[in-house]
Structure formats: structure tokens, C-alpha cells
Amino acid sequence: MGLSDGEWQLVLNIWGKVEADIPSHGQEVLISLFKGHPETLEKFDKFKHLKSEDEMKASEELKKHGVTVLTALGGILKKKGQHEAELKPLAQSHATKHKIPVKYLEFISDAIIHALQKKHPGDFGADAQGAMKKALELFRNDMAAKYKELGFQG
């Protein structure tokens, strides 16, 4: 399930574009997540009241959380699968405090792919998309394994 060096390079190349403007990418990812899967909004007390895309775009809190999410994910992706130290506290908080089901990690992975396709159509071709999907699947599988260790059946 691991990625080749070439695949990791594709992932990190596109991630460089994300890091050039994390706030707008994070906002795009979260809006895509909430529009595609409105049930995920229920896990976010500070966003539950946001009903329209315009309200979401106007929310500084949402933008700030998008930065938090993508900054954490970027730190994990840069480890090229050697992300145990970064993953452990994330799995702990998402399993025990936030109670985020693994399925929701799949939903946000799809939202990340969608946001990258939308924002970087010329730089996110089939090879880069395939590599990013593999990297996000590796992340999700490792999160699921940590959830299991913590006794969370999310």
C-alpha cells in the first residue's frame, strides 16, 4: 500500500501549491466537505449554524480551522508514511474528544481531491490524483488502526 518515491514527489509537489495559500485551500476543502456531507457539520459546534456557502465563505472561524486541518495534514504527508509521531495525538483527539468516524476521514479526503482538482486543474492530473488518493488512503488506514487501538469503533 506504500507509495513509490515518484508518487510521494507528486504528492509533495501539489502540496507545495496548497502551502502557498493554505487559508483558501482549507476553506475550499471544508466547504466542499460540508456541502457534500452536511451531516459532518454536526461534529463542529462552531460551524453548525452555517447553512449557506456564502455564510461558510464569510466565516473566519471556518477559514482558521481549514488552516489547522491542512497544516496538520501537510506535516503528515511530508513524513512520506513515517508519520507515527504526528498521527498518534491526532487519532487520540479525533477518536476520544471529537468522535470523528473513519467514514468522515474518507469524506474529507474526497473533499481534498475535489479542492485540488478545482484550484489546480493543470497541475493535478491523473498521476498526481492517484498518488494523492493513495497517500490519503494510507493516512486513513493508519488513523483507523489507531482508533482501534484506542477502542473507538468510529
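Each Cβ is built from the backbone N, Cα and C atoms, and glycine gets one as well.
As given in Swiss-Prot:
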DOMAIN    2-148  domain 'Globin'
MOD_RES   Ser4  phosphoserine
BINDING   His65  nitrite binding site
BINDING   His65  O2 binding site
MOD_RES   Thr68  phosphothreonine
BINDING   His94  heme b binding site
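Packing around the residue listed as 'phosphothreonine' is summarised by its Cβ count: 11 other Cβ atoms lie within 10 angstroms of its Cβ, all protein chains included.
On a Cα basis, His94 (heme b binding site) lies 28 Å away from Ser4 (phosphoserine). Of all Cβ atoms in the protein chains displayed, 22 besides its own lie within 10 Å of the Cβ of the residue listed as 'heme b binding site'. Across the domain 'Globin' (2-148), DSSP classifies residues as 115 helix, 0 strand, 32 coil. Using a 10 Å Cβ-Cβ cutoff, His65 (nitrite binding site) registers 17 neighbours. There are 10 other CB atoms within 10 A of the CB of the residue listed as 'phosphoserine', with all protein chains counted.
For His94 (heme b binding site) paired with the residue listed as 'phosphothreonine', the C-alpha to C-alpha distance reads 14 Å. The average pLDDT computed over the domain 'Globin' (2-148) stands at 96.
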